[in-house]
Amino acid sequence: MSKRAAEETVEFNSKNGPGQRGTVADNVDTEMGEFEDAYEDEIESEEEYIEADGEKDNGMDEEEQNDAQPSKIPWLPGGKINADEKLVADPSVYEMLHNIQVKWPFLSFDILQDSLGEERRAWPHQMYLVGGSQALDSNDNELTVMKLSQLYKTQHDENDDASDNSDVEEDPILEHKSISTKGACNRVRSARRPANSSKESLLASFHETGKVHIWDIAPHLRSLDSPGVMVSRKENSPLYTVNRHKTEGYALDWSPFEYSLLSGDNANEIFLTKYSNGGWQTDSSPFLSHTAAVEDLQWSPSEKNVFSSCSCDGTFRIWDVRNKQKTSALTVNAHPGVDVNVLSWNTRVPNLLATGADNGVWSVWDLRSLKSSSSVATPVASFKWHRAPIYSIEWHPNEDSVIGVVGADNQISLWDLSVELDEEEQDSRAAEGLQDVPPQLMFIHMGQQEIKEMHWHRQIPGTIVSTAMTGINVFKTITF
């Protein structure tokens with residue numbers, strides 16, 4: 001696996017799909033950034049338009065000029081842009097859109113569970129994130145715990161009460177606490193608190209050094225919420241370090257039922273770390289069936305002892321941790337001859353699992369129809385919309401048919417697999433030139449460069465956070 005080169009470039013290496021770090025220009029601002037105006041950059045969406053520029057002075061009066069505004073047509077990724085045309089974002093399709101610039105780009109991040117309530121819909125919003133950096137110097141890397149507050153609605157229409165925001169400062173606030181780490185962070189995942197747990201906020205990070213660290217970030221969150229509360233040096237140290245991996249990796253996931261952590265590496269191995277009897281312990285032997293690097297893994301949302309994994313060997317596998325041989329129970333040749341970069345288990349319909357591959361194809365599988373023997377299976381749905389590798393995929397936590405997909409083509413596509421068109425609707429789409437657009441494709445978010453990961457916020461319905469080489473976006477579309 002190639003490493004980052006300390007040179008002036010912002011390009012990510014493409015090998016191993018989503019698990020590749022990028023290099024950062026050495027002239028970037030090394031201070032933690034701020035929120036930027038949501039519409040300062042041309043952040044593109046499904047409702048992107050091409051606008052033809054007109055002449056500055058054409059002899060028409062104001063009324064005639066209003067009647068002769070530049071024509072606007074929907075633009076789709078891959079479409080042609082002429083020299084006299086420009087892309088103009090349509091802010092009306094976002095209820096909220098904020099852009100955050102950070103000190104170092106995050107290859108991976110996670111949204112932290114909080115105690116502010118479920119199904120939050122009232123503005124402004126507040127959330128907590130954690131991101132792992134990829135700095136120019138290996139010794140400059142850090143985990144950043146962030147508090148984002150005053151996330152106001154950025155879409156205003158005639159129905160909004162003018163008095164609601166007239167006296168309110170709408171600039172979002174970003175506060176953060178950092179933990180120094182050695183080596184770039186390949187993956188970071190926060191644990192969701194199991195029932196009756198006394199532990200508050202556990203975090204795991206997988207680094208280019210091959211080390212997996214487990215952290216307690218409760219002190220950092222308390223410090224963010226209570227100005228003046230300090231974080232000690234001891235609290236900036238990991239609770240436990242997994243030393244079993246021979247090389248770095250990108251696969252990491254916490255069990256939703258208990259404090260059990262799975263980590264998969266580029267040596268094809270998966271290790272299980274558990275908390276029991278007051279301490280952490282990692283199994284001495286790995287789960288071993290994959291024949292190439294393990295790219296992603298996830299615990300079953302419904303079965304305590306079951307997890308899935310995907311690999312550069314073109315397969316995804318289902319495992320049972322009780323199997324003493326530590327081999328997979330089911331092998332599916334999901335994308336033969338192609339790296340399977342990511343997977344996501346549907347938390348509301350546990351028999352559905354989605355995978356994303358290096359050729360831009362993503363598929364949905366019904367586990368009930370798969371046989372125990374290794375064979376080429378048929379997905380219940382498969383799409384080739386993205387023009388580059390799939391880097392992230394995640395089911396909506398509240399809508400069982402909705403899924404978000406990130407591609408290396410700088411798109412985040414949002415889909416509703418329940419959508420079906422009748423013949424009349426199909427004819428109408430064809431007349432609009434949309435016959436090549438899958439009807440299940442509901443929204444396209446663009447504007448970031450080198451997007452690597454996205455997550456739905458479990459407690460703020462429809463809200464998405466994404467990380468890229470150019471920073472972090474926090475947004476909510478009018479679609480979901």
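Any Cβ shown, glycine's included, is placed from N, Cα and C.
Swiss-Prot lists 28-52 (among others) with the feature compositional bias 'Acidic residues'.
Per Swiss-Prot, the feature compositional bias 'Acidic residues' maps to 158-172 (among others).
Residues or ranges marked as region 'Disordered' by Swiss-Prot: 1-78 (among others).
Annotation comment: Swiss-Prot describes 155-176 (among others) as region 'Disordered'.
Remote same-chain partners of the repeat 'WD 2' (289-329), defined as residues 6 or more beyond its termini with a Cβ less than 8 Å from a stretch Cβ, comprise 16-19, 249-258, 260, 262, 264-270, 272, 335-347, 350, 353, 355, 365, 367, 372, 374. The repeat 'WD 2' feature in Swiss-Prot is assigned to 289-329.
Feature annotation from Swiss-Prot assigns repeat 'WD 3' to 334-375. Confidence in the repeat 'WD 3' (334-375), given as mean pLDDT, stands at 93.
DSSP assignment over the repeat 'WD 4' (385-425) gives 3 helix, 18 strand, 20 coil. What Swiss-Prot lists as repeat 'WD 4' is 385-425.
DSSP places the residues of the repeat 'WD 3' (334-375) in helix, strand and coil in these numbers: 3 helix, 18 strand, 21 coil. Across the repeat 'WD 2' (289-329), DSSP assigns 0 helix, 17 strand, 24 coil.
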